[in-house]
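Just dropping this structure here.
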Amino acid sequence: MFIMHWFSYITSKHSEYILIFISIISFLESFIIIGSFLPGMILMSILGTFIGSRKINFYYAWISSTLGCLLGDWLSYYLGFLCSNWIIRCHLFKKYNSIVVKVIYALNKYSVLSIFFGKILGFTRPIIPVLSGMLKVPIKTFFIPNLFACILWPLIYFFPGIITSIVINSPKIKQNTFFKWLMLSIPILSWIIMVLLWKWWKEEFNTDRLWLYRYKNKTFFLLVISVLLLINNIIQLQYYPEIIILKNLIYSIIM
């Protein structure tokens with residue numbers, strides 16, 4: 001609640017500062033290990049609610065976030081490139097050594113895909129750029145997927161907040177409780193799918209066959225169920241008249 005009131009005060013009194021704040025949040029979210037300790041999805045979703053209520057311009061927020069994201073990633077890349085020996089000895093890297101080893105393996109095998117999807121998935125986002133620099137991934141190989149990921153990343157994290165704000169503030173949509181729950185299920189299921197994909201990816205590197213047999217099949221089953229539920233809920237939403245109102249409101253915000 002405090003964060004919401006603070007954002008409301010800033011956007012009403014000093015709207016120009018909120019764009020700087022968005023850039024700083026995106027920068028910190030992307031910078032080496034710092035992003036692992038920030039509740040990035042929560043902060044970006046909160047910012048999305050202010051976009052949805054038209055207190056922040058959608059395109060200004062998108063550009064500010066993308067620039068902060070790119071700056072954090074590129075600085076992390078060059079730090080990894082120039083200071084790899086010091087970073088390897090860093091306590092935090094030693095603490096998360098198992099994840100680091102798996103990310104390094106993925107970068108060596110699928111560099112472009114790992115850079116792009118590693119940026120979208122919150123778990124690996126802060127370490128992909130620095131590890132790319134440490135592994136001396138060519139700047140062209142790093143730059144292109146990272147650029148597209150930084151453009152796409154704010155949209156993915158803003159939109160749950162934008163949709164939540166529209167649903168809460170639109171009287172016609174508020175009347176239909178089941179529609180609201182269906183809408184809420186979309187970002188929740190999307191997040192669950194990302195978590196399960198992360199678990200699936202981690203299991204790819206496990207050599208214990210018994211462990212793989214027990215847990216990988218379970219993860220796959222949950223992943224399939226979650227994807228089917230997401231598709232089903234999206235299809236169901238198309239039969240509600242409120243979806244037209246929602247689409248028009250989203251269109252009015254982004255246009």
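Every residue gets a Cβ built from N, Cα and C, even glycine.
Features from TrEMBL:
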type     : residues : note
DOMAIN   : 38-161   : domain 'VTT'
TRANSMEM : 20-47    : transmembrane segment
TRANSMEM : 59-87    : transmembrane segment
TRANSMEM : 99-122   : transmembrane segment
TRANSMEM : 142-169  : transmembrane segment
TRANSMEM : 181-200  : transmembrane segment
TRANSMEM : 220-240  : transmembrane segment
Which range wins on Cβ pairs under 8 Å with the transmembrane segment (99-122): 59-87, 142-169, 220-240?
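Looking only at 59-87, 142-169, 220-240, the most contacts with the transmembrane segment (99-122) come from 142-169.
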Please count the residues of the domain 'VTT' (38-161) that DSSP assigns to helix (H, G, I), strand (E, B) and coil.
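Taking each residue of the domain 'VTT' (38-161) in turn, the totals are 101 helix, 0 strand, 23 coil.
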What is the pLDDT of the domain 'VTT' (38-161) when averaged and given as a whole number?
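Averaged over the domain 'VTT' (38-161), per-residue pLDDT gives 83.
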Quickly jot the same-chain residues contacting the transmembrane segment (181-200) by Cβ under 8 Å, restricted to those at least six beyond its ends, or write none.
41, 121-124, 159-160, 163-164, 167, 216, 219-220, 222-223, 226-227, 229-230, 233-234, 236-237, 240, 246
Thinking of Cβ pairs under 8 Å, which stretch from 59-87, 142-169, 220-240 has the most of them with the transmembrane segment (20-47)?
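Looking at each of 59-87, 142-169, 220-240 in turn, the most contacts to the transmembrane segment (20-47) are made by 59-87.
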